[in-house]
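Feature list (source: TrEMBL):
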- B:24-259: domain 'ABC transmembrane type-2' (DOMAIN)
- B:26-46: transmembrane segment (TRANSMEM)
- B:58-80: transmembrane segment (TRANSMEM)
- B:111-132: transmembrane segment (TRANSMEM)
- B:138-161: transmembrane segment (TRANSMEM)
- B:168-188: transmembrane segment (TRANSMEM)
- B:234-253: transmembrane segment (TRANSMEM)
Amino acid sequence: MELAIHAEGLRKRYGDFEALRGLSLSVPAGQVLGVLGPNGAGKTTTVRILSTLLTPDAGFARVAGFDVVKQRKDVQRAIGLTGQYAAVDEQLSGRENLVMIGMLQRFSRKQAKLRADELLHQFDLVEAGTRPSGKYSGGMRRRLDLAASLINQPSVLFLDEPTTGLDPASRQTLWAIIRKQVAAGVTCLLTTQYLEEADQLADRIVVVDKGQIIAEGTADQLKDQVGGARLDVTVGDPAQQTMAAHTLSGVTAAQPTLAEDGRGVSVQLTRGMTDVAEAAVALQRSGIPVVDFAVRRPSLDDVFLSLTGQNRASDEQSAAAPERSPA
Amino acid sequence: MSTAVVDGVVCVERHLRHLIRTPGKLVNAVLLPMIFALLFGLLFGSVIEVPNGGYEEFIMAGIFVQGVMTAVPNSAVGAVEDLRNGLIDRFRSLPMSNSAVLIGRTVGDMVLRALSCVAMAGVGLAIGWRVHTSFLEVAAGFALLLFFGFTVAWVGALIGLSVGNAETAASVPSVLLMPVMFLSNAFIPLTGLPDWLRVVAEWNPLSAIVGACRELWGNPSASNSGSFPTENPVLLSVVWMVAILAVVAPLAVRKYQTAAAG
């Protein structure tokens with residue numbers, strides 16, 4: 001299988017802070033890799049190295065077949081980058097922004113204008129195209145930013161938290177655009193804190209924490225990794241939360257956990273429907289009024305919290321990881 | 001056209017568009033120096049005496065240089081903005097020349113400085129400033145001023161990329177440059193200063209550029225000490241600017257190459 005992105009043993013240190021500690025990842029051509037991780041995990045540093053903005057201290061990476069350190073210009077011609085900020089020149093109109101980036105991507109002025117108009121049309125920005133982009137809404141600015149990163153029809157697209165700060169409708173629009181690129185064969189590396197986003201867009205997911213990959217797989221595989229389905233019970237009276245938990249612990253192998261809202265109890269199901277049936281009977285016998293009783297698959301949130309939580313517990317000293325990588 | 005030239009042209013174009021879109025910048029760059037010229041010329045003109053000539057003739061070179069120095073905070077703040085909103089990241093991810101973005105900023109800024117010089121010259125002529133040399137010499141004086149503007153715009157870019165914060169980028173230049181400005185021959189003749197201070201002021205790069213303009217325009221000079229800097233201001237100013245550029249421009253480009261938003 002041809003790899004569009006291949007990184008091996010990436011290390012990067014900022015002063016005392018080790019942003020990346022030997023991170024390796026690979027993305028086959030045409031696939032979407034979701035990179036999940038808390039703030040300061042090294043997601044942005046990874047994207048910056050792969051998009052030639054930052055030189056790694058150790059390790060190597062190839063993007064679209066080119067070395068990100070030794071063949072930077074070739075990499076730059078092949079990639080599109082949408083960073084955490086909608087990087088548009090606010091004083092220029094949407095069209096002027098695209099023409100400028102087009103020319104810097106080595107299009108002639110004429111070609112750049114044609115491509116700009118094509119993208120404005122595609123991203124529903126034709127009317128806004130002549131207005132200064134500083135007057136755009138957050139969603140429009142993001143669309144313009146994404147359009148700018150697609151000018152050169154990149155074969156590899158880096159999206160660093162592309163929908164941070166967007167309203168749900170704009171997020172959906174952006175997702176649709178990204179899916180369209182993927183359908184056209186573009187390889188994507190997407191970092192996000194929204195697990196739903198990774199679930200929606202990514203073929204495979206890696207979970208990054210403290211500069212290393214701590215889990216890897218499809219969304220389903222990761223969900224299975226934290227255990228199968230869970231039973232969520234909600235009691236009507238908070239005073240009965242512990243009693244419900246006690247009742248459940250009598251029938252399930254796993255230890256129930258109490259939700260912080262004071263009314264929920266959650267337990268992992270190890271014997272599937274048998275657990276569900278016995279739990280229902282036991283609760284009914286105990287006479288505790290239950291307002292909600294639901295079986296659900298673990299969400300990526302569970303995966304994320306369970307994995308990064310374990311990692312935290314195993315290394316208490318560096319609990320105060322910086323919010324963002326200082327660069 | 002080579003890629004570096006195309007990149008440079010595209011980036012200069014960007015800044016020219018900014019100029020048209022932000023009248024506020026024009027006011028700052030054109031109106032403020034005009035007011036300075038008026039105030040200094042009229043106010044100080046009546047109290048400060050200059051050997052061999054009127055104060056109006058003397059002060060204008062200083063006013064021009066001070067006006068052109070607005071390039072420092074202007075380009076510092078601009079560089080910070082590009083950094084903050086992620087534009088520099090975007091540019092750096094493109095297959096473009098490493099210096100083009102800063103060249104665009106500094107060359108584009110020269111257009112603003114030229115406009116500002118025209119405005120200051122208008123006020124100068126109105127309050128009694130005159131030139132007494134050939135057209136070529138006068139033009140050379142203005143060319144030198146613009147080259148000075150280009151040089152200090154690079155200084156501003158380096159400051160902006162180093163501090164990475166708009167408020168600091170706006171205030172650092174004035175803190176740094178105010179003493180340099182007043183410890184020069186820009187507003188006062190140096191004849192009355194104690195010797196050691198006079199020597200410092202004479203070798204000040206700003207004194208060199210101000211002195212060069214005065215010489216090229218036939219305006220009264222600030223000192224008749226006969227020292228090397230006062231006898232060779234044109235040569236000294238060119239040497240100073242080339243030296244400053246040779247240090248600052250590569251540093252600024254290096255800062256740009258490792259710059260990061262956020």
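Cβ atoms here come from the backbone N, Cα and C positions, even for glycine.
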Chain residues outside the transmembrane segment (B:234-253) and at least six past its termini with a C-beta under 8 angstroms from it: 98-99, 102, 144, 147-148, 150-151, 154-155, 157-158, 161, 205, 208-209, 211-212, 215-216, 228
Contact ranking winner - B:26-46, B:111-132, B:138-161, B:168-188 against the transmembrane segment (B:58-80), Cβ under 8 Å: B:138-161
Long-range Cβ neighbours of the transmembrane segment (B:111-132) (under 8 Å; 6 or more residues past either end): 15-16, 19, 25-26, 29-31, 33-34, 37-38, 41-42, 45, 54, 56-57, 59-60, 63-64, 67-68, 70-71, 74, 138, 141-142, 145-146, 149, 217-219
For the transmembrane segment (B:26-46), distant same-chain residues with Cβ under 8 A (at least six beyond the ends): 19, 54-56, 59-60, 62-64, 66-67, 70, 74, 112-113, 115-116, 119-120, 122-124, 127-129, 187
